[in-house]
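**Q** Below is the structure I would like to discuss, written out as structure tokens.
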Amino acid sequence: MAPQSTKFALITGCGAGGIGEALILEYLRRGIHPIATLLPFESSEHLDKAGITWFKLDVTNEESVVQLKKDVSELTKGRLDFLVNNAGICYTMTAIDTDVKSVQRMFDVNLFGPMRMVHHFHDMLIASSGIIVNIGSIGGVVPFVYGSSYNASKAALAHWGNSLRVELAPLGVRVLVIISGEVGTNILKNDHGRTLPEGSYYSPMAEEFKNHVHRTPDAATDRFVYAKNVVGESLKKSPTTWFWTGSYSGVIRFLHTFFPKTVFDRWFSSLFNLAKLKEAHDAAMKKKVA
């Protein structure tokens, strides 16, 4: 049985190689008792080696969340100091070629998952005057090409967190939104096989799209450095509301704060070579007219 003075951190999405694993180890290093969650099919070897407490969880399944609460409550005697909503998935596709069912699945993980977690665990957080940490992204702020749906899920998470922060303040619970820049993880692995649909207006960009879904982010922040920053902020008595950390987060924060939103348009158009698409489209239109 853990002593009454023990603090507990519950982190979702702690598969090997991701941000969750790094967060778990950092909370452990800081003297917090971390509790990890894994998808039912994920290996626990990396957590077992570190002596981490873990439970299976599918954040899209109500019964799974309810069972997790029972298990965690039994372990912590009804207390929870940190709830870190980290579980997330990507969906990379052009906005007009989006498969809505795939996006609904992503929203179920990235947005409705945290909502389920807060709905079921809020009483334990209130009992401990705890903190909710929502892992967001610069994608929720900037028009990242081929990421419109993912961007939307992270924008929704951030702004849901804004209202959550105000509503929970009288109950003694803090809410911290992390605006994550590029971090070196394996989150893109499930997108490696994704291709543009046949007949897409973006077919001239097929090779660029393929390279994008197979990319290794340049100058990405090491996930353990990122975890150190995030955990450090969550341990503060009065953390900031939006905490920007990770590669490119500083410059994006500056531009987002002081410039019109269209400041990003030319940047991302150039970064993704959309001039090539325009040239191909213009040529195709001329051929139709001829």
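Cβ atoms here come from the backbone N, Cα and C positions, even for glycine.
Sharing the feature lines straight out of Swiss-Prot:
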- TYR150: active site, proton donor (ACT_SITE)
- LYS154: active site, lowers pKa of active site Tyr (ACT_SITE)
- ILE11, THR37, ASP58, ASN86, TYR150, LYS154, VAL183, THR185: NADP(+) binding site (BINDING)
- ASN151: N-linked glycosylation site (CARBOHYD)
- 125-145: transmembrane segment (TRANSMEM)
**Q** Rounding to the nearest whole angstrom, report the longest C-alpha distance spanning ILE11, THR37, ASP58, ASN86, TYR150, LYS154, VAL183, THR185, listed for NADP(+).
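**A** Taking every pair of listed residues, the largest Cα separation comes to 24 Å.
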**Q** Of the recorded positions listed here (TYR150, ASN151, LYS154), which is spatially closest to ASN86 (NADP(+) binding site) when Cα positions are compared?
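**A** Minimum Cα distance from ASN86 (NADP(+) binding site) across TYR150, ASN151, LYS154 lands on LYS154.
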**Q** Return one of helix, strand or coil for TYR150 (active site, proton donor), based on DSSP.
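**A** TYR150 (active site, proton donor) sits in a helix per DSSP.
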**Q** What binding-site residues among ILE11, VAL183, THR185 are found with a C-alpha within 10 angstroms of that of LYS154 (active site, lowers pKa of active site Tyr)?
**A** none
